[in-house]
Every structure is written in structure tokens, then in C-alpha cells.
Protein chains: 2
Amino acid sequence: MASDLALYGYWRSTAAYRVRIALELKGLTWENRPVHLLRDGGEQHGAAFRVLNPQELVPALLDGERVFTQSLAIAEYLDETYPEPPLLPVDPRGRARVRALALTIACDIHPLGNLRVLQQLERQFGATEAQRAEWVRHWMAQGFAAIETLLADNVATGAFCHGDTPGLADICLVPQVYNALRWQLPLDPYPNVQRIHAACTELEAFRTAVPELQPDAPVAG
Amino acid sequence: MASDLALYGYWRSTAAYRVRIALELKGLTWENRPVHLLRDGGEQHGAAFRVLNPQELVPALLDGERVFTQSLAIAEYLDETYPEPPLLPVDPRGRARVRALALTIACDIHPLGNLRVLQQLERQFGATEAQRAEWVRHWMAQGFAAIETLLADNVATGAFCHGDTPGLADICLVPQVYNALRWQLPLDPYPNVQRIHAACTELEAFRTAVPELQPDAPVAG
């Protein structure tokens, strides 16, 4: 068992959340090394973390002495290095579909509502909290609408995004739904998204990875 | 040779530009089907294109009757379906590095300066052209700084982003540099980015894919 895996993340980072699910689905033992994104101006901007990731973003995965960044690249690395259970189907068309679903979230929803973007909206345009929420919900609504259509219109959709086992797309979907709930986006228009989210959250790997169970999560009051 | 490949793109879309380079590197024959992002409120929002991609974004690749979206998913599909020359190294660590470089651009630079985001900044915050330019350059400068460090600090960097043959990271880098020049971002702080960009633009595949040579590009005045 690879006990030299260490994940630098933050409890509420949806990108770190994806990697936690991947690690748990693979049944790997890993060490959780929290990086506090808000303390002292953000520990991700400190010299200690910048050595691991010059992008100053979580997550970063340490495997022995090698560091890996970008959650989807990390997930594919884990899938290639620890093949069971697979996170991608075997056929190139299916793999492309799963990757496209994952990238729709990872490129076109998540980065637009990321902490640094909200900070820049405030800095550059004086965006209020309500305006930042409107911004985040705008991109989430657009993205979820597309994903809902891609799920509803394709026979490859099963109990999960692609077939009846969880994979790379589900790993991205569940944290994004978590974020949608946090921002109070109504999910009624997305029944397939809701159904698959519910199926995922019945699995131990997804349950273990939830933000509130991480060591750096605030204690519920 | 696959003559049933058709790419729906837009001459200046950097995501479509990536796929054009991938198609050319693979030596594939493909049909260019332009989608005008600005005409009539954007052809990507029309019913004809929404059937291909409910995300209403280019590119979309048609391979026979199957449609593929998300430029990186398309590139990986092409790499798995037409393996030569490869766009990714063989070792999982190298693959993870190349994917992380590609995703740094595809997730954390490009989507933040995309047309729809600039339109939303104008709509929601009344952002002026100068403010939109400042916004775009802010994210490009952050992203290029990280990429420059990742390139400079790693022995795997060669004539190209990873070794001495072009691959998935270079496919993303060149269109992003094109975009940086368009937005007049000074590139002096990024010597490795500049060097690799120059090496790529000497190759026929990269030359053929440039925006100004596409059928939908405006005729130079």
C-alpha cells in the first residue's frame, strides 16, 4: 500500500475534494496536509507551498518525492498508477465523454467561482457579496444545464455519469454540487445531476471525502 | 485516412486552435466548419450548434456521427485513436506533468478571459474595455509566471514543454501565447515560454493551424 502519498488541500476546495474521492475510490492510504487558504493572507501563497506548486493553488499530491498538481492530472496519474478500480472506461469514445464531462466542470464552472476570482472581482470592480454570489450562480447554472443535457440525452449515462460505476466525471460532479448547495443554487432543473449525486453519496469513498469530515474543517457550532 | 473528421471552431478561439494543432500534428485530414461567435448574437447559441454542444462553446469535433467536446478531451481522444505521433509521454509521471501544464492553461488561464466571461463582466459590472483588458492580463500574467517556473525548474523540459517533441502542453501553450500577444501582455518575464513558442512555430503543424489562416478569419486590410 502506498503510504507515502500526501495530499495538500483545503477542506472546502472542490478541486482537493475531487482528489480525496479518487484516493478513496482507489482504496489508497494517504496523509492529509491542510493548507489554509484564508489564514495569513493564504498559506498557498507562502514560500513553503510555492515550492510544491508555483501556481499557489491546491491541491498538490506528493507521491514519494514527486509532486503532482492540477486535480484532473492527479486523478489520471492515480488511475494509471493504481488501475483498480478504473476511473475511465476502456473505449476511447467513452473516455472522451467522461473527460468532457469532467472538464466542463473543471474548466468552465469551477475556476470562475474560485476564491482568487471572487477576490479579484472585489478588488477590481468592488463586487459586493450579493454580486459575487450572482456571478458564481450564473456560471454554475450555465454549466449544470449543459451537463444535465449531456447526461439526459445519452444512453451511456447509468446509475453514475457513465455506466454503473463511479468515475472521473462523478469525482468532479459531487464537489461541484456541494459548491452549488453552498451558494444556494436551486438544483430542481437538474434531475440527473441530483440523482447521480445521491447515488455517489451512498458510497463510502464519497462519504469519507466530504469537506466537513476533514481535519481542517471548522468544528460545527 | 479519416476524412470524416469535421471541426466546429472559430478562427480566434484558442480552444479550437489547440484542436487544429492536434489534428495537424497527427497528419489527419479534416473539414473546417466555422461557427461565428459574434454574428447574430453568436452562432454557438443557435439551435443548430446546441445540438452538437449544449455548452454552446467551440470547439466540437465530429468523427463520423459522434460528436466530441472540450478541447483537451478531444486531444486525448485523437491521441488514443490515432497514436502517432504521441501527444503524451509513456511514463505516468511525465504524462501527469504534461497534463498539469495543459490544465494550468485550460482551467486557470483561458476560461477566465473567454468571450462569455468578458461579456458577463460588462453586463454585471459595466466593465470598460480597459478594465476587461486588465482582467485578462491579470490571469495570464499569473498563469504564465507559474508555467515559466514549472518549465525552468524541471529537467524534463526540452526544446518543447516536455522533451524534444511537441505534445499536449505545447498545443495549449501556443494558442495562449497568441492570445497574450493579442492582449499585449509583455512576455519578457517568460523566456522559456517564448523559446518553446518559437520552436513550435517553426513546425508545419503549428503554422497551418494559426488563426489568420483559417477560412473564417477576416481578410487582412
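Even glycines carry a Cβ here, placed using N, Cα and C.
According to TrEMBL, the domain 'GST N-terminal' annotation covers B:3-86. As annotated by TrEMBL, domain 'GST C-terminal' applies to B:91-219.
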Kindly report the helix/strand/coil residue split of the domain 'GST C-terminal' (B:91-219) according to DSSP, in that order.
89 helix, 2 strand, 38 coil
Count up the helix, strand and coil residues in the domain 'GST N-terminal' (B:3-86) according to DSSP, in that order.
35 helix, 18 strand, 31 coil
Restricting attention to the domain 'GST C-terminal' (B:91-219), give the mean pLDDT.
97
